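Novice: First the structure, which I've put down as structure tokens, then a few questions once you've had a look.
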């Protein structure tokens, strides 16, 4: 039973992180308001300029008017190895949390193995025999 609960929780997390436009069909989403904070029905591939990488390693964006400009890289306060370490630490934390919850559920559902008490012949009620 707990396996089903864990599967449902994992699937609910996956579903809640999906893009809204994947969940809502285009016909329904076109009827919804498109103001700020609401669902956009436009295809993002039309608005996003395409990118290509030069052999030198520089990324270029193709602008809608046909021009190109060099893509600016974000400046991070952490270096690449530190970011990788942070990602691995978060993954490890999630895995440890899941395993500890599974262990706790296993401990709570495990039947206690108390030794069965055997009645000695002196303790038996003579009227029962």
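Cβ from N, Cα, C; glycine included.
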Novice: Labelled transmembrane segment by Swiss-Prot, one stretch among 62-82, 83-103. Can you tell me which?
Specialist: 83-103
Novice: Quick check on the record annotations: which of 29, 45, 50 is tagged O-linked glycosylation site by Swiss-Prot?
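Specialist: According to Swiss-Prot, the O-linked glycosylation site annotation belongs to 29.
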Novice: For the feature O-linked glycosylation site in Swiss-Prot, which residue out of 21, 34 does the record point to?
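Specialist: Among 21, 34, the residue Swiss-Prot annotates as O-linked glycosylation site is 34.
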